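Data first, discussion second: the structure below is written as C-alpha cells.
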Amino acid sequence: MNPNQKLFALSGVAIALSVMNLLIGISNVGLNVSLHLKEKGTKQEENLTCTTITQNNTTVVENTYVNNTTIITKEPDLKAPSYLLLNKSLCSVEGWVVIAKDNAIRFGESEQIIVTREPYVSCDPSGCKMYALHQGTTIRNKHSNGTIHDRTAFRGLISTPLGTPPTVSNSDFICVGWSSTSCHDGVGRMTICIQGNNDNATATVYYNRRLTTTIKPWARNILRTQESECVCHNGTCAVVMTDGSASSQAYTKVMYFHKGLVIKEEPLKGSAKHIEECSCYGHNQKITCVCRDNWQGANRPIIEIDMNTLEHTSRYVCTGILTDTSRPGDKPSGDCSNPITGSPSAPGVKGFGFLNGDNTWLGRTISPRSRSGFEMLKIPNAGTDPNSRIAERQEIVDNNNWSGYSGSFIDYWDDDNECYNPCFYVELIRGRPEEAKYVWWTSNSLIALCGSPFPVGSGSFPDGAQIQYFS
C-alpha cells in the first residue's frame, strides 16, 4: 500500500471513529433529556433528603472535546418555621465568657470601618448578628466630624456578622432612623426604626423587611425605643417606646405587634417614674425589661410583661446596689417602688440585668460617675429583696478603659439547652466627648458575652485602639 493509500485509510478510520463518538454523544444527550423530563413529570414525595447525581462523559476526537453532564438535585427536608414560645426559664450562670469581640476601632485605623453607636445583638433560628445605628460615614472619612450627635438624617440601622467590624461591604442595610429595636418571632423578623424631627418623629415598622405600619409621636418630644432587641412569644412581639422629656415626666407605652402590626398598646402602669432604653429578655411565657430612669433613679426600673394576657406592670430593682451611671454610693437597703436619687452628674446610661432569684446578675460601669469600666455582679434576689448584697463580682472591662451602653440578648433557638442561656453585650465608645483632644468622631466597638454553668477565670476586654494613631 503506497503512502497516499495509507493516508486515505487512516483518514477513513478517523472519520468513522468521529461519527461513532458523535452518535454516542447524541444518544447521551437524548437519554439525559428524557431522564430530566421524566424527573420533572414525576410527583415529588415529601421529606426527601438532599441527593445529587452527577454524570460526566468526555470524548476526545482529535483535540475536540464533547462534555455531557447530568445533574439531578432533590430539595432538602426543611423544618417548617414556627412561632417562638417562651416556655423555658433562665439558665443558672456561674460566670461569663466572651463569645465575640469585633475590634472595630482598631481595624478602623487603616480599614474603611463604618461609624456606629447604639449597637446590640439579636438572634434568629439561623444564628446571631450585631445590629447598630450607622452615621452615614466611615471613621477615616471627613464626614465623621460631628458624629457625636445622636439624631441626624444620615443614620440608619445595619446588621453585620457577630464579631466582624462593620464595613460597607459586609453590612446589611435595614431601615433609616436614629433609634431602633428588632426581634424575630420564629417565622419572621420585626424591626422598628424612628426617623425625622425631634418634635414630630415617625416610627416605621417592618416585618420581613416590608413596611407594615407607621406610628406617630404622642408627646412630640423625641419618640424613642429600646436600642436593643425586643422579644416575641407565640407570634406577638412586645416593644417599649417612650415620648417626652428626658429629664422630667415622659410618656411610655408597651406596644404589642403581630407581623409588624399593632394589636394592642398600654400606657405605662406601676410605680416606675421614668422609662427609657429597656433591655428585655423572655422566660416562662413572660418578658422582663430592665430599663433606664433618666429623670430621678440611680436604681433601674423594670417592666414585667405577661405574654398570655398582654398585661404589664412596673417597679424598680429592689437592691440597694445601684447600677445606673452616674450614681451615688451603694445603699444598705434599696427600694422596690421608688427611685433612689442623688446621682452626682450625668443622669443615666442604658443597662441590663437578669433577675433570676438566687442567680440574679446585674451589670454596671465600674466608675460611678463616667462610662468607664464594666463589671457583672451576682446579687441573689436583687429583684425582690431590698437588703440583697453582692455575692460575686466579675470584671469585664477594667476601669482604665471606656465602656458605654449595654444590653441583654438570648439565643432562644439553642435547642441543646433546656433553659435560656443569658447573654449580654457592652458598647465600647471611643472618640468624643472623652477623647476630643485626638479626634472629631464618636464611634464604638462591641464585645458580647454569654453565661457559663461552670466557674470561669478573669480578664479585661477593652476596645484596645490607640486613639493617638488617628490624630
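The chain as shown is numbered from 1 upward.
The backbone N, Cα and C atoms fix where each Cβ goes, glycine too.
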Record Swiss-Prot, residue CYS423, disulfide partner from CYS419, CYS450: CYS450
Per Swiss-Prot, ASP293, GLY297 bind Ca(2+); matching candidate in ASP306, ASP324: ASP324
Disulfide-bonded cysteine for CYS278 as listed in Swiss-Prot, from CYS291, CYS318: CYS291
Among CYS289, CYS336, cysteine joined to CYS318 by disulfide in Swiss-Prot: CYS336
Member of CYS123, CYS128, CYS230 annotated by Swiss-Prot as disulfide partner of CYS183: CYS230
Candidate in CYS91, CYS128 joined to CYS123 through a disulfide, as Swiss-Prot lists it: CYS128
Cα-Cα distance linking TYR405 (active site, nucleophile) and ASP150 (active site, proton donor/acceptor), given in Å to the nearest integer: 13
Which of ASP150, TYR405, all active-site residues, has a Cβ with the fewest other Cβ atoms inside 10 Å: ASP150
Predicted model, mean pLDDT over the topological domain 'Virion surface' (28-471): 92
